[in-house]
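One structure is given here, and the rest of the page talks about it.
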Amino acid sequence: MFWFLRRGFASLIMLWVIVTLVFMSIHFVPGDPVELLLSQDGGSADPATVQMIREDLGLNRPIVEQYVEKLKGLASFDLGRSMVDDSSVSAEIARRLPRTLELIGLAALISLIIGIPAGIYAALHTGRSFDRVASYLAGFAQGIPVFVLGTLLILVFSQMLKLTSAGGFVAFSQAPGKHMLLLLMPSFSIGIGLAAIVFRITRASTLEVLPLDYVRTARAKGLGDRRIVLHHILRNALIPVITIFALQIGSLLGGTVLVEYVFNWPGLSGMLVSGVNARDYPTVTGVILVISALFIGLNFLVDVLYGLTDPRVRK
Amino acid sequence: MTGTFSKFKSDQIPAYLLALLLIVSLLAPVLPLQDPLLMDTASRFAGPSAQHLFGQDEFGRDILVRLIFAIRNSLIVAFAAAVLAGIFGTALGVLAGYSRGLTEMLAMRFIDIVLCFPPLLLAMLAVTLYGPGPVTLIPVLAIVFVPSFTRVAHASVLSVRSQDYVEAVRSMGASNARVMFSTILPNIAGPLIVQFSFTVAVTVVLESGLSFLGLGVLPPAPSLGLMIGTGRATLAQAPMLLVWPCAALTAMILILNAFCDDLRDRLDPKSSKIRGQ
């Protein structure tokens, strides 16, 4: 119990550090941040506008006061208002977040469904053709960037085979079938690279477990192959898979940003990209805070899962 | 994995291919190539011809030449970022591992903070504040990869610092700086070189992603990510405009990855066992 509390506390500290850093980032910019934010059209900004935005962002007040204000806002999930259309950043994020989570969830599922069985099968048949082909494919899948894979999928499946539209979004409540169909290509683009990593780790850890005594004992007891694989090998081989998953969460979230953009999926990333292009500071920091919180939250979840599967780490 | 088919030389192929990429990229400005920015609106979307082997793009620019310069740009950005990250990251790691105590604590906490952000997001935050372009891109990519160098350097220093030869140099009265940089550093170079090659490979991917979103290399400069991004608009008319940069980027990453794996197997005797071979 103590272990979980300590992990949770560490996660909270990390979150606080991120909030503080993101808050500070606008003050790190040399020169006047507001003028810089407005300068994308070239030419200098109108002083009245600069003054207005400075008041909007609270930049005219003392820094400590701004910081306290920001923390208060966050405590009530208020991330400020967009500089472009004055809409609430929190409300927009709340609308888009489920779509991003859906994508991450399905991608993770795809990677496990492909990676784990393939990894075990390859390890049980090392050096055979399946093992070799799968290993080469894994190297390829790990190398190809998500947005390239996504773009090529569009080229083949929507442009050439005309099987599905090039992307977009339909609410699940309106057309569940269409919704899942549109979700398939983006989550596959993210999931396949991850599947390659899961495959490699599962294969390697299965190979490590195979020659161990308890596997031999299980075999000596006369257990069937199926039972040995499921109950003796898989359980132990999965621990490193969980670790690797934790390490990949960052790139999973980054991959989501790119893939959502490729497939026009209206999740957090579309908001982030247009925010960055418009230099809409509240939107960008809002989305980054939420994704970072997600990153920390998922890491914590994986840690807990890890602690549950392997009691030895809870020390 | 490469060794399964034939034991001889086949594992050196990635190194040769990488050398080819580097030489072509280095010599690109002096090779008898067209200007990658030269437009020829009369032959927009022209197919392959004798002058333009891969055809021409939406402004009539030569695709092959643009691909070569794009690879050159992405390698320049990746190497510059990796060198910066390597210098700062290694210095921090060696300092932390050698002096222990408060320095070590501060350095390692700093690393943890940078690692809190998914790399792409950190880069996007910086682009929002400083605007896109290579001047932002290189330092940002460098910061993203400082932690990995620090971790590797720190861990290696910890295992080396109490060795007899380090003790010997110290008892001869060498200064701390001397012990750190001329005794310890050469002995931990192996893992750092491996880390450097990984960083170059990962930076190429990250840079292409940012450029794809329009937040990295700015047009009209040729960049693979940017070419893929703009190629999407003309998907129906000219699919090859998309296929070529996709193929070039993927091939470059695969070559870099294969080279990294190979280098790691050579410099780190433990890794081949981990991979189950």
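The backbone N, Cα and C atoms fix where each Cβ goes, and this holds for glycine too.
Keep in mind the model is a prediction, meaning the values are calculated, not measured.
Feature annotations, reproduced from TrEMBL:
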- A:12-29: transmembrane segment (TRANSMEM)
- A:97-306: domain 'ABC transmembrane type-1' (DOMAIN)
- A:103-124: transmembrane segment (TRANSMEM)
- A:136-160: transmembrane segment (TRANSMEM)
- A:180-199: transmembrane segment (TRANSMEM)
- A:237-263: transmembrane segment (TRANSMEM)
- A:283-308: transmembrane segment (TRANSMEM)
Next item on the list: With the transmembrane segment (A:283-308) as the reference, find which of A:12-29, A:103-124, A:136-160, A:180-199, A:237-263 contributes the most Cβ pairs under 8 Å.
Entry: A:237-263
Next item on the list: Rank A:12-29, A:136-160, A:180-199, A:237-263 by Cβ pairs under 8 Å to the transmembrane segment (A:103-124) and hand me the top one.
Entry: A:180-199
Checklist line | Same-chain residues at least 6 beyond the ends of the transmembrane segment (A:12-29) whose Cβ lies under 8 Å from its Cβ atoms | finding: 36, 57, 59, 63, 66-67, 70-71, 74, 281, 285, 288-289, 292-293, 296
Checklist line | Intrachain neighbours beyond the transmembrane segment (A:136-160), with Cβ under 8 angstroms and 6 or more residues off its ends | finding: 166-167, 185-186, 188-190, 192-193, 195-197, 199-200, 255, 258-259, 261-263
